[in-house]
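Okay, structure first, notes after.
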Amino acid sequence: MSLLAARRPAGTGSVQERAADRRRGRTGYWLILPGFVFMLLFFVLPVFSLLATSLYTKPPGADIGQFAPALEFGNYVVVLQNYWPELLRSFAFALVATAAALLIGYPMAYLVAVRLRGRKLLQGILLVLIIAPFFTSFILRTQAWKQILADEGPVVQVLRALSLLPQDGRLTATAFAVVCGLTYNFLPFMTLPIYANLERLDTRLIEAGSDLYAGGFTTFRTVTLPLSMPGVLAGTLLTFIPASGDYVNAALLGNNQDTTMIGQVIDSRFFRVVDYPGAAALSFILMLAILVLVTLYVRRFGTKDLV
Amino acid sequence: MTQHELKTAPEPAGAAAGGADLSLASVTKRFADFVAVDNLDLTIPAGSFFALLGPSGCGKTTTLRMVAGLEQPTSGQIMIGGRDLTGTGAHERPVNTVFQNYALFPHMSVLDNVAFGLKRRRVRDAQAQAKAALELVELGHLGARRPGQLSGGQQQRVALARAVVNRPAVLLLDEPLGALDLKLRRQMQVELKKIQTEVGLTFVHVTHDQDEAMTMADTVAVMNGGRVEQLGAPRDLYELPRTAFVANFLGKSNLIAGDVVEDRGDAVVVAAGGHRLAVRKDRAAAHHGRAVVGIRPEKLKILWPVDAPGTDTNLLRGRVLDTSFTGVSTEYLVAVPGIGTLGVFSQNHGQQLARPGDEVVLAWDTGHAFGLRGDEDTSAGAAEAADG
């Protein structure tokens, strides 16, 4: 009976069928309940707690780590005054890393999803290789970049030999190293959504493009790229957002002067300086800034049918 | 650069009104160890509506894709308007295709789809020309929609407009009506033919549907196994097939194998299963030895034994096995001893219908029979036609 009811347009069934429809409707809400409770406990409540912390004050003469509840909006002004360069730098690094990951990830995704279509084994192997970095720890992989970019390492040696780097030039502890680390670590987050999108690309549309006088690049620009925008949008967001808040790459691959990212500042405010209100205020500023940037970006490039 | 050159430079060669001759010279296409198209020679005159007809896997689509530039031939040459285009890419050829699944760009409006080719060639009034092309297919009012919001028939017209608007030297149609239901297909067949007459382009139409090919095309090439079996006007192919494959694939045929036993001057007589069948010499491929005689089912007259003429040739006695009444006509299956089962289409004009088990006589005019070479496989093409 339920099968028959499902075929019929809504509202035409008998009283019992409509009651069954309602029961099915309620089942959906029960199913999302665990997720709802989880998000409430571990996301919504902490956000409010963070918001409250960001407005605390330190009473005169209080011990380290002792704060009093207040509505001290001045915390936001102070941290912005002190740390706006780190905030801007974080977005700049994340932006460059996202662009680099897009330039590397898109061709990779295109190769696997379009060029190798129908060659299932090769596709599978390459997909595993794309995900393979996740098999080892994030920290270890970032440490490995230290070796790759080390003064006596192959990259520096080659660049020095080609005079692309001065003889005393270094790559470790530079902004370049940090952006390399960010690009590398978030590359799969860029590649996989684009792959998932391009995998469904109808290659007959590419043929139609070339049939209508569009060369390879023009077809890419007018057909393939616009159709894969949902994947590009998802990939860039999944790369940019975590990269802006990242503190591991800057800590391991950067220096203490000109590569500090906002994540490091928040980390040290929380755990070293024990300035909970300052750290919380910075966290909130970072969140809001990302929210604004992402909203503008999605408005500009987003499509109605996201991925 | 002069004004004149500026204006004409991006135009593809041969885009003049009336299209251009398309010719394929010894074209072969091999995929691994499979020969899809086998040493094909074909000339399609400018302004004609040409159909490549054949079962799936006969090489017709591969031929089309080679003309479009989407595949390159393993050997041979493809020329349009006398210019050798072998080796050039699809975007460099004055050829446009109406794809089987339409392949409309889903992220563009209908109008932008139609204007796509014009914009690539930097035609100045692309939008206006695209609008005019949409009017031609009676979809002028839907230009702002997305292809996904249109019905199958409407998408088909957009695909046609998107190709026609470029005034290609050759317009290719790859099973363009395959996805439409029967009624819409009939309607579009008429419209396609009308549009072809209006725009006067060379149309090359690939199909497995013999009715579609015969309705629309001036010239039909029946393809089988990578080769052209026979080429000609639809009526000529139907009335005088030169191979068993064509006889069976294009309409139905009764094919009877026998030996030539008598030369009557203008006709030969073939003996088969104790019967004598006459074929005019100009309609027979074999004038001695083994031969196959073919007669279309509607050319056979079904008679009561008492009405049978008193000749000994072109007369088969048999028993009705099965009848099916289709309104306009009745189809009979008649078992003839020594020959086998023959099909007969009989126009219904109020005569008494034979029933299964009735003894009947089949007769026909000598001029309606055709003769094939004796080594033809009489069942060739029958299964493929049934699949189609």
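Using N, Cα and C of the backbone, Cβ positions are placed for all residues, glycine too.
Any TrEMBL annotation is an automated prediction that lacks curation.
Long-range contacts of the transmembrane segment (A:28-51) within the same chain, counting only residues at least 6 positions beyond its ends with a Cβ under 8 Å from a Cβ of the stretch, are 280, 283-284. Taken from TrEMBL, the feature transmembrane segment applies to A:28-51 (among others).
Residues annotated as domain 'ABC transmembrane type-1' in TrEMBL: A:87-297.
Sequence-distant contacts of the transmembrane segment (A:91-114) (same chain, six or more residues past either end, CB-CB distance under 8 Å): 123, 126-127, 130, 175, 178-179, 182-183, 186-187, 189-192, 194-195, 197-199, 201, 203, 224, 231-232, 235-236, 239-240, 243-244, 246, 250, 261, 289, 293. Per TrEMBL, transmembrane segment is recorded for A:91-114 (among others).
Taken from TrEMBL, the feature transmembrane segment covers A:121-140 (among others).
Taken from TrEMBL, the feature transmembrane segment covers A:173-196 (among others).
The feature transmembrane segment is assigned by TrEMBL to A:279-298 (among others).
Counting same-chain residues at least six beyond the ends of the transmembrane segment (A:121-140), those with a Cβ under 8 angstroms from any Cβ of the stretch are 108, 111-113, 184-185, 187-188, 191-192, 195, 248, 252.
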